[in-house]
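Asks: My structure is below; once you've seen it, I'll send some questions.
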C-alpha cells in the first residue's frame, strides 16, 4: 500500500530513528481536523438538506445523520478500495464497530456517575438488524473476494433499514402490545415510572409521553410549552427541551442534550455570582435532579419532594422580581442570550481573527489556527443566519475536506505501519478505529452522565449499521459495477473473518449483558465491556501476526 501514495520526505532509516513520531503527530492532527469538519460544517449542512427535503426524523437519522457521524470511516473505506487496494478500510470499519459497541458503552457505564436505564426496543431493533448485517458480511468475505451482487445486497439491506426506520413507531407499537410491559413504554430518556414518581420537570415528561404514544408524529409547539409553564423556561430552553424528545434524530438529540448541560452549568455559575442570597439554594439541588435539566430521576421520593419545595421557592422569588422590575428581567434575558451566543461560539468552529478569552481557549485556538484559517476561507458556516442559504456549498466543500483529511490520515497510518512492521488491518482495527470514533465517545459520555443512556447507545449501534452496509457496500459496489464491471474485491487478510466473527460475538455479549443487568448501564457492565474490548484487540492482533493460524503473508521490505 505504501507505493500507492506519494514518496515520503523521510527514508525508512530516518523514520526508524525517530521521524515516525512526526507521522504519528500528523495522523492525530488529522483525527482532530476530521472531528471539526464533521461536527461544525458537515452535519449542519446535512440538517439543512433534511429540512429542505422534508424528511421525517427517523429517515433523516438513518440516512444523512448517520452519514455525518460515519463520514471518516466511509472515506477511509473508499481510499482502501480505490487507492491502497488493501484491507485498511475493512479493518477500520470492523475496529470502529467494535469500539462503538464495547468501548463507548463501557466508558459510559464506568464514568456516567449514576445507573442509567436503557429501553429495550431501540437496543433490540438496532442490534437485530446489525447482527443480520454482520452475518451477511461474514458470508460475503468468507471466500476472500466480494462480487458485484454481494456488494449490491449490502446496499439494498441499508435501503430496507431506512424503510424500517420510516415505520419505526408502528413496529414499536406492535412490539409493545406483544410485550405488554409498562416499563418499555419510553423510547426517549429514562424509565417512565421513575420519572413520574420523582422528576420535577413535568414539562419534559409531558413531551416525552407525547413523543412516545406512537400515533402519527405531531408537531409540538414551543409556545405550548411556554404557556403551560410560565416564568419557568425561556424560549431557547423550551426549544432545547423539545429537541431531546424522540421526534428528532439521534445526532440532533445528542447535540441538544450536550448544549442543555452546558447552559445548565452556566446558569448555576451565574446564580452563584449574581444572587448571593439564593446561590446556596440553587447549588444545593443535586445535579442529577436540577429543575431546568429534568433528565435523571433522583434516588428517593422524599428528596423529590424537598427538591420541589426548593424549586417552588425559587420560582416564587423569580416571579416577585419579575413583577417588581420588568426592565431587570429584560436585561437578564439579554445577558442570557449573550451567554448562549458565547456558548455557541465555543461550541462552533474558532475563527482565525478572533482571539478567545481564557488560557485554555487561547491554547486550543493556537493549536487549531492553521485548520480554522483554511476552513474559514473555503467552507461557509451555514449555522450563521447570513450564510444559511449556502448550505449546499458547505456540504460540497466539507465533503472534499473530509476526503482530503482521510487521505492524509490513511497515508500517515500506512507509513507508520510499514515502518514498525505492522499490517494494515491491525492499524485499521486499533489506531484508525479509535481515532475516528473518539469524538462520538466523548459526546456519548456527556449525555450518559445525565441519564440519557438510550441516546448514547442507539447512536453508536445505529452508526455501525451505516458503517457495515454503506461504508463497505458502497465502495465495493462502485468498484465492481461502475469502475470495473464484473471484477472482484480481493481481501488480503484471512484474519478478517475472525475479527468480523468477534464483532458478531461482541453484539451478542453486549445485548445479553444489558439484559442480564436488567436493562441498566452501570459500572459493572462498563468494566465488562471494556475488558471485552481489550480481549478483542489482543485476539485480533495475535491472529494477524499468525499466532493461532497462518492468515498473513510476511510484509515486503525495501532493500
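Start at 1 and count along the chain as shown; that gives each residue its number.
Cβ coordinates come from backbone N, Cα and C, glycine included.
I grabbed these lines from TrEMBL:
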TRANSMEM  20-38  transmembrane segment
DOMAIN    25-165  domain 'Sodium/calcium exchanger membrane region'
TRANSMEM  59-83  transmembrane segment
TRANSMEM  89-111  transmembrane segment
TRANSMEM  148-168  transmembrane segment
REGION    291-353  region 'Disordered'
COMPBIAS  313-346  compositional bias 'Acidic residues'
DOMAIN    391-542  domain 'Sodium/calcium exchanger membrane region'
TRANSMEM  399-418  transmembrane segment
TRANSMEM  425-448  transmembrane segment
TRANSMEM  468-488  transmembrane segment
TRANSMEM  495-515  transmembrane segment
TRANSMEM  530-553  transmembrane segment
Asks: Should anything in the same chain at least six residues away from the transmembrane segment (89-111) have a Cβ under 8 Å from its Cβ atoms, list it; otherwise answer none.
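Replies: Tertiary neighbours of the transmembrane segment (89-111) are 73, 76-81, 141, 424-430, 432-434, 436-437, 440-441, 444-445, 448-449, 453, 456-457, 460-461, 463-464, 467-468, 471-472, 475, 491, 493, 496, 499-500, 502-503, 506-507, 510, 521-530, 532-533, 536, 540.
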Asks: For the transmembrane segment (399-418), I need the partner stretch with the highest count of C-beta pairs below 8 angstroms, choosing only from 20-38, 59-83, 495-515, 530-553.
Replies: 20-38
Asks: Within the domain 'Sodium/calcium exchanger membrane region' (25-165), count helix residues (DSSP H, G, I), strand residues (E, B) and coil residues, in that order.
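Replies: DSSP composition of the domain 'Sodium/calcium exchanger membrane region' (25-165): 118 helix, 4 strand, 19 coil.
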Asks: Excluding the flanking five residues on each side, which residues at least 6 beyond the ends of the transmembrane segment (148-168) place their CB within less than 8 Å of a CB in that stretch?
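Replies: Distant Cβ neighbours of the transmembrane segment (148-168) are 56, 58-59, 61-63, 125, 129, 132-133, 136-137, 140, 465-466, 468-470, 472-474, 476-477, 479-481, 485-487, 489.
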Asks: Take a look at 20-38, 59-83, 425-448, 495-515 and tell me which one has the most Cβ pairs under 8 Å to the transmembrane segment (468-488).
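Replies: Per the Cβ count, the answer is 59-83.
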Asks: Which residues of the same chain, at least 6 past either end of the transmembrane segment (59-83), have a Cβ under 8 Å from a Cβ in it?
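Replies: Counting only partners 6 or more residues beyond its ends, the transmembrane segment (59-83) has Cβ contacts under 8 Å with 4-5, 34, 38, 42-43, 46-47, 49-50, 89-90, 92-93, 96, 161-162, 165-166, 249-252, 399, 402-403, 405-407, 409-410, 428, 432, 436, 440, 459, 462-463, 465-467, 470-472, 474-476, 478-479, 483, 489.
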